[in-house]
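Data block below; observations after.
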Amino acid sequence: MGIHDLSKVIADKAPDAIKETEIKNLFDRKVAIDASMSIYQFLIAIRSEGSNLVNEAGEATSHLSGLFYRTIRMVNHGIKPLYVFDGKPPTMKSGELLKRGARRKEAQANLEEATEQGDTEQMEKFSRRLVHVTREHNEQCRQLLTLMGIPFIIAPTEAEAQCAELVKGGKVFATATEDMDALTFGTTVLLRHMTFSEARKMPIQEFRLQKGGLEMSMEEFIDMCILLGCDYCDSIKGIGRQKAYQLIKEHKNIETVLKHLDPKKYVIPEDWHFAEARELFLRPDVTPAAECEFKWTTPDIDGLVKFMCQENGFAEDRIRKSAEKLVKARKGGQQGRLDSFFTAIPSGSAKRNTVGLLPKPGPPPFLF
C-alpha cells in the first residue's frame, strides 16, 4: 500500500518538491530499484491482444520479458540499475498481509462470478487482483539479472527501506518505486514510473522533499505518514490527508494529536502501535550502505539465450539482438555526468533536520 495519499499531500502542499523528467536525464546515475514492485507491474501487464506471456508449460513469463527489456532500456540511456529484493516482511506488516490475503479471496470469488457471466472486463479486473509475486518469480528474475550482468541485493526486510539506505549512504542517486513510503524511510530522491513501458507515455516523477516543501522534521513527517495510513498499523478513521497534515503542523507528533482529538468524533484503533511504526521507519532493519558492494559485469549472451529461449520460449533472434545491445550499451556508458565534476556548496546552517529544508549532513546531492 505504501503511504495513502502522500503524493497528493506533496503535490498540494509542496509542489516544488515534484518535477517531471525523462529517462535520458538520468544518464550515468546509479538507481536502486524496488524489484518486487517492478516484477508485480510486469506480471499484471496484459498484451494488446489480451493474453499473458507464457512458456510451453503455461507458466507466466511476462515478468522476465518486462525485466529484460526495461532494464536494457535503462542501460541504453546510461543508467546503472541496482535491483533490491524484499527479504522477510517485518512482524508489524502481518496485519496488512492478512488483509491482502482476504482481498485476494474476495477477488477469486468475484472472478468466478464474472467468468460465469462472461463479463470479460470484470474478469480482467479481478484477475489482476489475484496476481502476487512468488518466490519462484524472484528466483527467476535474479537468475536473469545475473546473466545480464546487473547487480542485485536482497534486503533484510523491506526493499524500499534498503533502497533509502543506499541513497542516504551515497551508493546510489535515487530510489525507483511506486511506493511512497520510500520517502518515509528517508530516501532523498524518489523516482516513480521508472520501469513503466514507453507505450504508457507516463513521464518519470522525481520527488525531492529537501528541495522545497513541507517544512517538517523527519519525525513529524513520519507521524503524518502514519496518520495518512501505512502498512504497519491502522489509521484513524475520518482523518484524511488535509486533516493529517493540519494536525501534525499544529501539534508536531501523534502523542499530542491524541490529546486534542475529540473522542466522540474520532475512534482511536484498539492497541494502536503507532510508536512502533514510527520506530520502524526511523530505524528499519537494513544492511548498512557501507557494507553493500555491487558491480556491473559483462552480460552472458549464450547464457541469456539458453535461459530466455530454450527454457522460457522467447524468440532467439530478438533475445540475442537485445543482449548484444546491452553489451554495447555497457561498453559505451563510460562518459560521466557533467555535474559529477562539481561539488555542491551547502548554504547556511540548519537548526534541525527538516523535510523541505536541509537533510542531515552526508554526501553531496550530486554524486554520479
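If you go along the chain as it appears here, the first residue is 1 and each next one adds 1.
From the backbone N, Cα and C atoms, a Cβ is placed for every residue, glycine too.
Model, not experiment: these values are computed from the prediction.
Now, the feature entries from Swiss-Prot:
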REGION    1-104  region 'N-domain'
BINDING   ASP34, ASP86, GLU158, GLU160  Mg(2+) 1 binding site
BINDING   ARG47, ARG70, GLU158, GLY229, ASP231  DNA binding site
REGION    103-123  region 'Disordered'
REGION    122-251  region 'I-domain'
BINDING   ASP179, ASP181, ASP231  Mg(2+) 2 binding site
REGION    334-342  region 'Interaction with PCNA'
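Locations of recorded Swiss-Prot features on the structure.
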residue	record	Cβ within 10 Å
ASP34	Mg(2+) 1 binding site	26
ARG70	DNA binding site	20
ASP86	Mg(2+) 1 binding site	20
GLU158	Mg(2+) 1 binding site	29
GLU160	Mg(2+) 1 binding site	30
ASP179	Mg(2+) 2 binding site	23
ASP181	Mg(2+) 2 binding site	23
GLY229	DNA binding site	20
ASP231	DNA binding site	22
Coarse DSSP state, helix versus strand versus coil, of ARG70 (DNA binding site): helix
Near-site residues: Mg(2+) 1, ref ASP34, ASP86, GLU158, GLU160, CB cutoff 8 A to centroid: SER36, MET37, VAL84, ALA155, THR157, ALA159, ALA161, GLN162, CYS163, THR177, ASP179, ALA182
Proximal residue to ASP34 (Mg(2+) 1 binding site) among binding-site residues ARG70, ASP179, ASP181, GLY229 (C-alpha distance): ASP179
Cα-Cα distance linking GLY229 (DNA binding site) and GLU158 (Mg(2+) 1 binding site), given in Å to the nearest integer: 17
Cα within 10 Å of ASP231 (DNA binding site) - qualifying binding-site residues among ASP86, GLU160, ASP179, ASP181: ASP181
DSSP helix/strand/coil residue counts for the region 'I-domain' (122-251): 64 helix, 15 strand, 51 coil
Per-residue pLDDT averaged over the region 'Interaction with PCNA' (334-342), given as an integer: 45
For ASP34 (Mg(2+) 1 binding site): DSSP state (helix, strand, coil): strand
